[in-house]
């Protein structure tokens, strides 16, 4: 079924891709620029694989019928985070990224991430090792090399890294999880988010994080990094670097995925519960009690299972299945309307349904993404 992208929240630089630049307090379908105008429904066979949000921009990775990938973007590109030319896009436009590692016909962008004003691409060829490209600002070493700015450059990881399973970015630092379970990071490091608090500002060359086993998932906040690590016995352990408190080991064995806002973390368990800990200043933990670690209150939602969870700067979206259809629920910061409820509330403490938003649904939600006061829902139309 064809896909559409519903967007809500902060939009000062057009990062929602909806055309106008006013904040959207309810979900509006994004526009995709074509040679003869704009469309709001992607062509048959085009699938949104990944979205990543910077301060005021959004990257959108799309796969097409022939298995190729396309990189689209909306928002602010003033520092080169959207490549050349430096521009501001109010609708999603396809980017033409030019770098030698993308010149080969079998080279594909397979993953993307974005920090404050820097974008990251993972490039893959079937018979070559994966490579990381960075473009944009370098205030804290985010480009993975010193003394450069506003350029497109390759980030060289230490040692031999054949395949990259995951790339995530916090506000000013970046983490890469390799297929062998190692994790590498670079960028802001003053708060210990890369394993040492000795860096005066940032680490411009990637370093390996000191882990006790193989990492299976990773997340990044403002001043912290979180890894799910399997020890020698195969038992999961949550390792935290930086300012966030650790999750008690007694809870870790049930955790299958980890997510992070700027100052808090959520963990999805094998029983489809969501544990939250850290700062709750904007109700991003989604519960009424003030315990250090507790479950997000979702019992009232009617969700029988959770398929996806995503965290923005201080809000979260949960995609789950009821007995009849998928629904999206949200909680946390809502100052820019990023939960799409159009109710004027600055934050939501207990999760509320945000999609379908009322009336007849135009399709089923299949993916959710959250950024800096922005929310996106991928809809498959009926």
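Along the chain as shown, the residues are counted starting at 1.
Cβ atoms here come from the backbone N, Cα and C positions, even for glycine.
Taken verbatim from TrEMBL:
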- 130-180: repeat 'RCC1' (REPEAT)
- 181-231: repeat 'RCC1' (REPEAT)
Model confidence over the repeat 'RCC1' (130-180) (mean pLDDT, whole number): 94
DSSP helix/strand/coil residue counts for the repeat 'RCC1' (181-231): 0 helix, 27 strand, 24 coil
